[in-house]
Amino acid sequence: MKFIGLDLGTSSLKAILVNDDQQILGEHAVPLSVTRPDRGWSEQDPQSWCDAAITALSALAANHDCSDVGGIGLAGHMHGATLVGHDDKVLRPCMLWNDTRSHAQAATMDGSPKFRDITGNIVFPGFTAPKVDWVRENEPEIFAKIAKILLPKDYLRLFLTGEHVSEMSDAAGTSWLDTGKRDWSDDLLAACHLTRDQMPRLVEGSAESGRLRADIAAQTGLPQAIVAGGAGDNAAAAIGAGVVKDGTAFVSLGTSGVLFAANNGYRPDPATAVHTFCHAVPDTWHQMGVILAATDALEWLSRLTGQSAAQLTGDLGQLQAPSKTLFLPYLGGERTPHNDANMRGQFLHLDHATDAKAAARAVLEGVTYAFADCQTALAATGTTIKAALAMGGGTKSQYWLDLIATTLNIQLHLPEAGDFGAALGAARLGMMAATDAGPDIATMPPIATTIDPNTALHAAFSEGHARYRTAYTALKDL
Ligand SMILES: Nc1ncnc2c1ncn2[C@@H]1O[C@H](COP(=O)(O)OP(=O)(O)O)[C@@H](O)[C@H]1O
Ligand SMILES: O=C(CO)[C@@H](O)[C@H](O)COP(=O)(O)O
């Protein structure tokens with residue numbers, strides 16, 4: 001039997017085909033774009049996810065024997081509010097995870113202790129509940145028509161299977177889940193003028209959620225395979241990386257930056273701004289520090305300079321001592337550790353010699369200091385990270401990997417298979433749903449390289465991190 005993993009990333013949708021030995025037989029990626037109609041807004045057209053999924057699935061079926069595909073797993077960027085009416089039609093563009101327009105609504109909800117008590121998390125502006133509350137206040141005619149609220153990959157599931165289903169890991173990022181009990185909280189839904197009927201049915205990520213619709217199967221050339229619950233992209237990446245057991249960790253260099261640790265128990269500590277969510281397999285949870293702009297900060301510089309991320313980060317050579325130029329990557333505010341939707345990005349200490357290359361180095365350093373902040377926040381909850389797998393598009397930069405290993409003083413392991421994290425995790429969940437395989441198939445992938453911290457430079461980067469923190473404190477009120 002074969003399996004497909006579909007990962008709806010912010011910058012692209014990726015699909016992979018694996019066999020039952022978990023070897024990757026094929027892959028196809030389709031780029032996606034984000035629109036920013038106003039300051040702090042970030043939206044995508046859900047139709048573009050469906051079109052991309054059809055393109056990617058059809059390409060896999062055209063180039064490989066997919067007649068024995070038995071399971072499909074879905075992963076996707078988290079927290080997005082996809083609102084559909086009674087006819088399952090989308091009511092407005094999806095407001096994404098890095099859309100911070102609902103900071104006032106988030107602050108009001110977070111002021112009521114029950115949200116942190118029940119969900120184990122701060123109500124961040126990018127989470128689903130405050131965004132829907134923004135719609136209630138600003139677009140009441142749309143709010144009145146909401147029949148179901150779906151997370152991005154769950155809207156894709158509706159398109160592929162006809163089912164309204166979500167799963168625990170993504171549902172934990174809505175601010176409506178009782179994260180310890182793994183069920184919707186009627187109390188929190190009522191506080192948001194919503195009911196359980198407007199929520200999708202919940203399954204575990206490794207359980208069946210439906211089957212590929214006959215018309216989609218015919219259109220793409222696939223069988224009517226079982227579709228697993230799947231996971232939010234970070235929990236899926238963890239399944240792909242074998243980060244399930246307590247103490248294992250990964251760092252993700254995608255549009256967002258994530259420092260993720262698996263836990264065998266539910267250990268909420270919202271005051272640290274660490275996220276505590278359900279993992280994608282039963283009876284497991286995880287914690288993560290999330291920074292809103294990781295490669296997104298590089299993409300911003302890329303648009304400004306006309307040089308691609310690869311050009312900006314290429315030929316930086318050996319790791320050098322921290323630059324004097326300091327970059328604060330808060331282009332759209334920040335989650336961990338500040339929960340600050342109003343802060344914006346900063347460049348400090350520019351001089352005549354600051355060229356695009358120097359700016360790129362400062363961007364990589366600034367995002368790395370943001371990861372160091374996440375490490376400190378996780379440590380405050382009692383979670384110490386000594387080593388982590390590294391994933392996401394940013395891992396193509398050796399300089400960045402050296403910088404992160406050195407600043408955080410941890411070993412980074414780079415998987416052999418390349419950048420398949422969340423898609424591989426989704427495929428593994430597809431395998432668990434369609435066969436009798438259990439969570440133990442989520443092993444660590446073979447490691448291509450291990451990056452050790454440069455101990456001679458660690459102290460200098462710790463000082464750089466302290467300077468970065470001082471800059472935030474000094475500038476936030478300006
Ligand atoms: N050589 C490189 N150095 C640093 N970043 C890179 C390089 N190549 C690609 N990237 C970044 O990787 C990003 C894509 O990463 P990915 O993990 O797929 O993101 P997402 O899951 O958020 O869509 C691109 O937006 C780009 O900025
Ligand atoms: O908001 C979060 C996690 O809480 C983000 O990690 C999103 O899930 C987007 O992921 P990428 O597109 O950067 O992978």
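Including glycine, each Cβ sits where the backbone N, Cα and C put it.
Sequence annotations record features per position, and here TrEMBL assigns domain 'Carbohydrate kinase FGGY N-terminal' to 4-240. Here TrEMBL flags ASP7 as site 'Important for activity'. Sequence annotations record features per position, and here TrEMBL assigns substrate binding site to MET78, HIS79. Taken from TrEMBL, the feature active site, proton acceptor covers ASP233. Marked as domain 'Carbohydrate kinase FGGY C-terminal' by TrEMBL: 250-434.
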Taking the Cβ of the residue listed as 'active site, proton acceptor' as the centre, count every other Cβ atom within 10 Å, in any protein chain shown.
33
What recorded positions among ASP7, MET78, HIS79, ASP233 have a C-beta sitting less than 6 Å from any atom of ligand 2?
MET78, HIS79, ASP233
In sequence order, which same-chain residues at least six apart have a C-beta under 8 angstroms from MET78 (substrate binding site)?
TRP97, LEU151, PRO152, ASP170, GLY173, GLY232, ASP233, ASN234
Residues satisfying Cβ distance under 8 Å from HIS79 (substrate binding site), sequence separation of at least 6:
LEU96, TRP97, GLY126, PHE127, THR128, LYS131, LEU151, GLY173, THR174
Three-state secondary structure of the residue listed as 'active site, proton acceptor' from DSSP?
helix
